[in-house]
Each structure stands twice: as structure tokens, then as C-alpha cells.
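Below is one structure, written out as C-alpha cells; the observations come after it.
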Amino acid sequence: MKIVSWNINGIRTFKGGIKNALESLDADIVCVQETKVTRVATYCKDSATPFAAEEGLTGLLTTNPKGTIGCYGDSSEFSSEELQLLDNEGRAVLTQHRVMCEDTPETVTVINVYCPRADPEKPEREHFKLQFYKLLQCRAEAILEAGSRVIILGDVNTSHRPIDHCDPDYIDDFEDHPGRKWLNGLLVDDSEGKEYEKNNEESENTSSKPLRSGKFVDTFRHFHPTRSKAFTCWNTMTGARQTNYGTRIDYIFADHPLVKMGFVAADIMPEVEGSDHCPVWGKLCCPLLSSSKLPPLCTRNLPEFAGRQQKLSRFLIKMDQQQPVREACRDPLPGSQETGETRENLNPLGSAGTTSTGKKRKLAVESGVPKSKKIMTLKAATPKPQGNLLAFFKPKSVPVAPTREDPVSQCERGEERNEVTPSQPHTFKGGHSAGQDVPSIPGTPCTEYPQGVCMGDKVHVPGSNIQDASVNSQNQEKDAALASEATVDPPCPRKGASLGGFWKTVLRGPPPPPPCKAHGEPCVLRTVKKAGPNMGKQFFVCNRPQGHASNPEARCNYFSWVDKGK
């Protein structure tokens with residue numbers, strides 16, 4: 001039996017398709033987190049079909065009691081409101097399987113979790129995270145006491161030991177972190193395995209609790225107790241994966257007896273890319289026993305995946321018309337959910353043609369005439385335009401009295417005036433003006449004059465008579481001169497003035513990057529996006545990926561604010 005856990009950072013990580021991605025992982029059970037579809041997910045092969053499955057840790061999300069796991073433990077320290085909130089973000093899926101371990105059938109419960117992240121600027125989220133930890137441990141130990149083997153895996157969002165962090169020295173009170181204290185109580189170190197068994201034997205004889213209450217083992221550290229730089233998560237925004245500057249926060253925990261009799265290997269897969277996390281895996285010598293009946297929670301049993309035609313009403317929630325949607329979706333504890341992690345099914349009617357009060361929106365056109373007929377009537381009353389498409393993109397001209405002054409004297413551009421300016425509409429011999437529907441004249445397209453066709457050193461505007469193509473050059477020059485006299489040329493810069501220099505004084509581009517002092521390479525420009533007094537300010541940092549200070553290939557500590565006065 002092989003099991004894999006991976007925070008995929010969005011289901012679209014599987015660019016080649018979910019089936020191909022699952023086959024490439026070569027596992028019987030694949031547990032993924034942060035799917036960006038409101039729930040974590042557990043994929044099982046047909047040979048690993050579970051006989052029971054359940055969503056959430058509290059049992060409050062269970063709608064069908066058949067095929068559930070149960071064993072919720074003592075949750076008296078949680079209020080009913082808090083239990084609802086802890087399970088309201090789709091962070092846990094449990095599946096129960098049967099395996100053969102040492103020729104003995106065993107039940108194994110796999111708890112796939114995506115633990116919350118603590119935001120330093122939101123103290124309520126740190127409390128929410130710790131409460132989720134307590135609820136997870138309460139449920140896991142209750143299932144364990146009921147006689148099932150237990151595997152807890154997923155993104156725990158806390159690095160356990162200093163060896164699991166790229167820079168533990170930079171974190172104040174590393175060992176006193178509440179999340180690490182919880183892990184110390186949940187886990188028993190592999191070096192303490194014998195002491196764990198001894199304490200359990202003493203507890204059976206003396207009816208007292210063991211000195212160490214941890215019941216689970218970090219399977220990776222069980223097989224690799226001293227391996228360093230074995231990280232599973234990196235900051236991709238700073239390129240930290242290139243220098244392996246990360247943390248190990250993805251785990252496979254298993255109860256100690258199961259590790260002793262079943263696990264044969266466990267490791268990480270940093271070579272697998274596509275997410276800011278890498279997969280982790282564990283392997284047991286216990287073969288799986290497939291269940292012939294799927295649990296109700298299996299997606300194959302859900303109505304939307306059953307292959308039958310569904311009514312629209314099944315996707316809508318019936319709501320009280322007397323109560324606004326806003327009150328129905330009010331969060332009893334404001335700020336307890338992170339932005340972007342709120343369940344999407346709280347307000348499914350928000351964009352289904354109703355207002356916030358649940359009333360149907362009025363049609364934009366309330367008339368006895370059907371909409372289709374009214375459109376046809378409007379079309380019949382509107383005259384059909386008879387013009388070239390280019391006529392809609394030409395600027396208006398300003399007619400003036402004709403003059404015989406030399407147009408070149410208006411602006412010393414050093415150009416011959418036998419070329420017609422394409423941005424001005426002109427009338428040509430033959431009675432047609434630019435923009436009328438007339439046959440086009442074949443020629444070579446001119447990039448400088450998008451409205452005309454280049455013919456040698458002349459420009460011919462589409463819409464002129466076909467016979468104009470054979471007019472001698474003397475008539476063409478005469479017509480072009482008269483046409484140019486009928487319009488006002490745009491103002492031109494003074495002689496010797498640079499148009500590019502003018503725009504540079506108006507639109508100031510980004511400042512040139514300074515070189516960093518350690519590498520002498522051009523820095524990269526960054527912008528502060530965090531809310532605060534420096535939000536929106538720009539600064540320069542070293543362009544290399546983030547890494548440890550002892551790594552010469554990593555980013556140096558160069559930092560410089562951008563001086564807006566320059």
C-alpha cells in the first residue's frame with residue numbers, strides 16, 4: 001500500500017489532466033489539499049476503495065448516517081458555534097479502509113487535512129488554528145481508541161523541529177511556538193519509541209497516563225532521523241525553491257503500532273513541481289482489501305456525477321424571503337475565516353438573477369412587444385450605414401480657406417509634399433471620398449499609412465476611383481497639393497526638437513536599477529503591497545533567489561528605497 005499527500009495549490013496544477021497526474025504519482029491513495037474548490041480531496045484506486053467516508057471532523061456535515069466513521073471524542077470544550085466554524089472551511093476528509101497486516105485484517109482510517117495558516121496580523125486566526133489542532137487530535141485519538149489504525153496526513157502548516165526549517169535562528173522562541181508545542185504532544189519521537197512502549201506497559205499496570213501522551217509518529221523522521229534540508233514548501237515569489245530555502249510542513253503521521261508493523265518507507269518528492277509544495281509519500285507492507293460497496297460520500301454517488309439529468313432547482317437553496325441573504329450568511333465570529341477560503345456555497349443565489357432580498361429582478365425593458373420583435377423594429381427603422389470601416393477611425397478635419405502659400409513653410413520637416421497625410425480625409429478626382437464603398441485597388445500594404453496603398457513613392461487612399469491608378473503623375477501631384485491645402489496640418493515640433501525627449505519629460509519611466517554591492521548585478525524593482533505606511537512604495541533588492549545567508553549564490557541583503565525625486 002502506497003499513500004501520497006500533496007498540497008497542489010489549485011486543481012489546475014494537474015495541467016495534463018487529473019488522471020495522468022494521479023498515475024504519475026503511482027499510489028493507491030492520493031490525498032490533495034488546497035484544491036481551490038472549497039474542499040480537500042482523496043483519490044482512491046478501485047483496489048483501495050474505502051468502505052466508509054466522511055467530511056469534516058465534527059460530524060455536523062454528515063447528512064447520511066450510512067457509511068460514516070463516527071467516533072468524535074469528547075468535544076465538550078468546544079461550543080456548538082465553534083464546532084460549526086471549524087468544519088465550515090472544507091479542511092478535512094476521512095476515509096476508512098481494510099488492510100492485511102501480519103496476516104491480520106486491520107481497519108485503517110486516513111485523515112486528510114489542510115490545517116489553517118496563522119496570520120500574524122489576525123490574532124483570531126491563530127486561535128482558530130490552535131482550536132483546529134485540538135479538534136483534529138481529539139478526533140484522531142477517539143478513532144484510535146475505537147480500534148482502528150490511524151494515519152494523519154496533509155499540510156499541517158507548522159514546521160516541527162529546527163531541522164525542518166531553513167532559518168530557525170531567525171525565529172524568536174522557536175520551541176515555544178504554540179503549534180510546535182501541540183506537535184510535541186501529538187507525536188512521539190522515534191528515539192523515544194522504546195520509552196513509549198515502556199510507558200504504555202506501565203500505564204496498563206498502574207492505570208496512570210504515560211509520561212509522554214503522544215500516540216503518533218512522524219514517518220519521515222522515523223526513516224530519516226538526521227536528514228537536513230528536507231523541505232516540502234518554498235516561497236515561489238522569491239525563487240526560494242532554487243536555493244532550497246524552505247520548510248517541512250507536509251507530513252504523514254501514523255500511530256506507533258501501525259508504523260512498527262506496517263510502514264516500510266517514507267520520503268518526500270522535491271523533484272515534482274507545479275506547486276509551492278512537493279508531494280510526500282509513505283509505503284506499507286500491508287495490502288489493501290477493496291470494498292464492494294462505495295460509501296455515500298463517494299463522488300460517484302453524488303447526483304451531479306451520476307450521469308443523470310439534473311433540475312436547476314437542485315443547485316439552488318430555498319431561503320426565507322423575509323430575511324435578507326446578508327443576515328443568513330452572517331459570520332457569528334467576524335474575521336474567523338481567511339479571505340479566499342470562505343465556503344463558496346454560502347450564497348449560491350448571489351448571481352442567479354436575484355437581489356440581496358431574494359426578489360426577482362425586473363426586466364430592463366418592460367413592454368408588450370417581445371424583445372426579439374422590438375429589436376427587429378429598431379433595426380428596420382435605423383438606416384444601414386454605407387461606409388468603409390476605416391471611416392469610423394479617422395479624426396475630424398478642420399476646413400480652412402484655401403491658400404496658395406507653400407505648405408512646407410509651416411513646418412520644416414525636410415519632406416516632399418507630394419505625399420498625402422493618411423490621418424486626414426481627402427477627396428480625390430472621380431467623385432469618391434475616403435470611406436465610401438468602392439472597389440479596392442491592388443497594391444502593396446504600407447505600414448506607415450494604414451489607410452492607403454503604397455505605389456512607388458506615392459500613397460493612394462482606398463475609396464478613390466479605379467481610373468485614378470492610371471492618371472499621370474502631373475495630375476496626381478496637382479490633386480495632392482490641392483487636397484493638402486484644404487486641411488490644417490497638425491502642429492510640429494521646432495526644428496531640432498526631439499519628440500521622444502518631450503515624452504520623456506512628461507512620462508517618467510522607472511528609475512535605472514542600481515547594482516547590488518555583493519554581486520554587482522542589476523537589482524530588481526519591487527513594490528510594497530502590504531497594508532501600512534509604506535504601501536505602494538517601491539524599493540530595490542538583489543535579483544537572485546532567496547536563500548540562507550551562508551549561501552553565496554543566494555540573494556544578498558541589499559535594500560534601497562526608490563527616491564521619487566530623481
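Cβ atoms are placed via backbone N, Cα and C, with glycine included.
Here TrEMBL flags ASN7, GLU34, ASP155, ASN157, ASP276, HIS277 as Mg(2+) binding site. The annotation active site is assigned in TrEMBL to TYR114. Marked as active site, proton donor/acceptor by TrEMBL: ASP155. Among the features that TrEMBL reports, site 'Transition state stabilizer' is placed at ASN157. Among the features that TrEMBL reports, region 'Disordered' is placed at 193-213, 328-368, 401-437. Here TrEMBL flags ASP250 as site 'Important for catalytic activity'. Annotated site 'Interaction with DNA substrate' per TrEMBL: HIS277, in sequence order. According to TrEMBL, the feature active site, proton acceptor maps to HIS277. Taken from TrEMBL, the feature compositional bias 'Basic and acidic residues' applies to 403-419. Annotation comment: TrEMBL describes 516-565 as domain 'GRF-type'.
Around ASP276 (Mg(2+) binding site), the same-chain residues at least 6 positions away in sequence with a Cβ under 8 Å from its Cβ are ASN7, ASN9, CYS233, TRP234, ASN235, THR236, ARG241.
Same-chain neighbours of the Mg(2+) site beyond ASN7, GLU34, ASP155, ASN157, ASP276, HIS277, judged by a C-beta within 8 angstroms of the site's C-beta center, are, in sequence order, ASN9, GLN33, TYR114, CYS233, ILE249, ASP250, SER275.
Sequence-distant neighbours of ASP155 (Mg(2+) binding site) (same chain, 6+ apart, CB under 8 A from its CB) are SER5, ASN7, GLN33, GLU34, VAL113, TYR114, CYS115, CYS233, ILE249, ASP250, HIS277.
All protein chains considered, the CB of TYR114 (active site) has 24 other CB atoms within 10 Å. Mean pLDDT across the domain 'GRF-type' (516-565) comes to 88 in this model.
The DSSP breakdown of the domain 'GRF-type' (516-565), given as helix, strand and coil counts, is 0 helix, 12 strand, 38 coil. Using a 10 Å Cβ-Cβ cutoff, HIS277 (Mg(2+) binding site) registers 26 neighbours.
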